[in-house]
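Annotated features in TrEMBL:
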DOMAIN    53-390  domain 'UDP-N-acetylglucosamine 2-epimerase'
BINDING   R492, T504, D532, E581, H584, E603  N-acyl-D-mannosamine binding site
ACT_SITE  D532  active site
BINDING   H584, C594, C596, C601  Zn(2+) binding site
Amino acid sequence: EVYFKNLSKPKQNEVMDKNGNNHKLRICVATCNRADYSKLAPIMFGIKAEPQFFELDVVVLGSHLIDDYGNTYRMIEQDDFDIHTRLHTIVRGEDEAAMVESVGLALVKLPDVLNRLKPDIMIVHGDRFDALALATSAALMNIRILHIEGGEVSGTIDDSIRHAITKLAHYHVCCTRSAEQHLIAMCEDHDRILLAGCPSYDKLLSAKNKDYMSIIRMWLGEDVKTRDYIVALQHPVTTDIKHSIKMFELTLDALISFNKRTLVLFPNVDAGDKEMVRVMRKKGIEHHPNFRAVKHVPFDQFIQLVAHAGCMIGNSSCGVREVGAFGTPVINLGTRQTGRETGENVLHVRDADTQDKILHALQLQFGKQYPCSKIYGDGNAVPRILKFLKSIDLKEPLQKKFCFPPVKDNISQDIDHILETQSALAVDLGGTNLRVAIVSMKGEIVKKYTQLNPKTYEDRLELILKMCVEAASEAVNVNCRILGVGISTGGRVNPREGIVLHSTKLIQEWSSVDLRTPISDALHLPVWVDNDGNCAALAERKFGHGKGIENFVTLITGTGIGGGIVHQHELIHGSSFCAAELGHIVVSLDGPECLCGSKGCIEAFASGIALQREAKKLHDEDLLLVEGMSMKEEVVSAAHLIQAAKLGNTKADSILRTAGTALGLGVVNILHTMNPSLVILSGVLASHYINAVKDVINRQALSSVKTADVVVSNLADPALLGAASLVLDYTTRRIY
């Protein structure tokens with residue numbers, strides 16, 4: 001609440017409508033259970049913090065008021081909200097008929113409440129049968145409805161209820177881009193859809209720094225350690241109750257066999273919930289030394305429990321949505337969440353006929369740590385929702401308008417609804433400079449930051465985090481939504497784990513370095529890491545000459561020589577992540593010594609370091625400078641050698657031709673080995689080598705490979721673009 005009070009700046013005392021009349025927006029928030037309150041509470045705090053704009057009425061119904069489910073209305077009172085009305089709407093029963101009767105009872109009781117409150121807007125969350133009663137009542141009484149989390153896809157009857165509420169609602173707040181697309185496909189008005197993210201993420205993304213050990217000990221015992229316990233939350237599947245009960249039995253059997261301390265939460269109010277409780281008691285879960293069975297855990301404490309758990313198991317939407325914010329492993333059981341977008345932390349067990357499959361899933365997932373996922377939000381949902389509420393014009397006609405096909409090509413909303421451009425944070429770790437950039441989906445570098453690369457591991461990592469945090473903050477100002485962080489670095493990289501295995505000599509203290517974990521933890525974003533040569537190839541595949549090409553090779557000619565190989569549209573990493581070390585192809589048995597320790601590598605002939613070495617030799621013998629050339633810099637560089645060759649220095653020209661020949665021989669070897677249709681020369685030296693490389697191919701390559709094109713890259717910054725493509729390709733091509 002303090003956060004939202006600080007967020008709201010002093011403004012005019014009341015909302016001014018178009019005719020100059022002062023009017024506060026009267027909002028009714030109705031909450032039915034512990035799950036929807038966790039999503040609605042951040043919005044309620046935001047509304048309460050701006051009394052000059054809003055009046056808040058809270059209606060509580062459903063399982064909040066049932067002792068078997070923890071009397072969770074008390075947590076609303078503890079949050080200092082005045083509950084205007086309590087409605088007992090749950091009809092006790094164990095079959096589908098009880099759910100129908102509960103909806104009917106709510107429909108009988110709600111009209112009187114809404115007549116007394118006369119809200120301007122009713123906020124309804126999610127997909128529960130109680131929410132359907134709320135939306136139906138409000139729609140029939142001509143009250144505008146704002147629906148939270150519409151457009152999502154899942155299993156059970158909830159899916160149908162969610163879409164039914166969508167058709168009744170006047171305004172929609174969705175959490176993901178896919179959900180937004182679904183709403184548009186369902187013919188909802190584009191201008192009344194806000195892509196805000198999940199409100200619970202506003203609290204989740206700042207939750208991990210709190211004192212969590214006391215909470216863990218309170219619920220699981222004094223001897224429990226972080227990452228060494230399980231949280232289990234499983235609900236009945238109303239479209240197949242018998243099967244879901246059977247799977248719950250198998251889950252408990254697997255948890256007993258797995259022998260880890262486990263917190264089991266009671267299921268929610270659905271047909272079949274009582275049978276699930278009976279299964280728990282039959283197996284002695286409430287008295288088992290490894291288990292703690294509870295009806296309810298306050299959301300703030302539940303966040304800490306799942307954030308530091310070794311695993312979460314069950315079929316709750318919390319597992320596939322909120323838990324991804326912490327990278328906690330999740331085992332999703334059955335069909336209840338089928339169709340939900342998930343992060344890589346979720347392992348699905350769609351069907352299980354024995355406990356062995358679930359037990360094996362526990363063995364695979366328990367104790368892992370995944371990158372934090374922000375599929376469902378970035379922590380800024382509530383400010384967007386409040387701004388959206390203020391933009392609602394009550395003088396507009398109440399009757400809904402549907403946008404039937406054809407759907408507009410441009411589905412982006414007005415900037416006032418803060419729909420950002422999908423973008424990536426790209427990091428390039430070079431031998432000299434450390435660069436961070438915001439890169440858009442189209443390959444535009446929106447903002448770039450450059451610093452000297454520190455010499456020590458600690459200083460380097462600290463600077464990376466500082467620059468990334470600064471860039472992520474700036475992304476909001478330039479209207480960009482950051483999907484993740486991509487890192488391009490020299491050396492051998494394990495991209496699966498995000499670890500730099502061995503560095504080049506140009507970057508010190510940079511071996512066996514885990515880059516993914518600290519950056520993901522700090523930014524709450526997924527992180528990808530790869531070798532700079534591979535990143536250059538990815539940049540070409542997405543933005544450059546390699547776009548649409550099935551087989552091509554990229555060669556980087558710079559301080560060193562590197563590259564990347566794309567075969568059948570996929571990047572080749574090799575069995576030990578050492579593929580495409582193209583600079584270390586040997587082209588001469590008695591050539592100059594390379595930094596790798598070998599002799600005659602391409603890099604020993606054609607890299608910037610090699611040319612600088614030869615330039616120094618000429619300079620020491622007074623054979624470098626020619627007429628029209630002067631040495632302003634104290635340090636002799638490859639650029640001086642190139643300049644001397646252009647001005648007629650025959651020895652400098654001979655060195656460049658030898659370097660070009662060495663590179664050409666390497667390309668011939670690549671053509672004979674990989675048979676690509678395209679070779680792309682990238683880097684500052686590419687344009688100086690292109691003709692020499694083509695000449696060597698014409699002289700020495702087999703006729704069957706001479707048809708391959710050899711071109712110079714047209715990308716200005718392949719390292720940053722490649723790092724960005726690590727993020728953009730992965731996050732936008734995944735299909736769930």
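Every residue, even glycine, has its Cβ placed from backbone N, Cα and C.
Model, not experiment: these values are computed from the prediction.
If you measure from the Cα atom of D532 (N-acyl-D-mannosamine binding site) to that of C596 (Zn(2+) binding site), you get 17 Å. Of the listed binding-site residues, namely D532, E581, E603, the sparsest CB environment within 10 A is found at E581. Shown are the binding-site residues C594, C601; of these, the residue with the fewest other Cβ atoms within 10 Å is C594. Cβ environment of C596 (Zn(2+) binding site): H584, E603 lie under 8 Å away, each six or more residues apart in the same chain. Close to the recorded Zn(2+) site, the chain also has G583, V586, L595, G597, S598, I602, E603, A604: residues not among H584, C594, C596, C601 whose Cβ is within 8 Å of the site's Cβ mean position. Within the same chain, the residues at least 6 positions away from T504 (N-acyl-D-mannosamine binding site) whose Cβ sits under 8 Å from its Cβ are G431, G490, G491, G560, L595, listed in sequence order. Sitting within 8 Å of the Cβ centre of R492, T504, D532, E581, H584, E603, and not among those site residues for N-acyl-D-mannosamine, are the Cβ atoms of G490, G491, N531, G533, G560, I561, G562, G583, C596.
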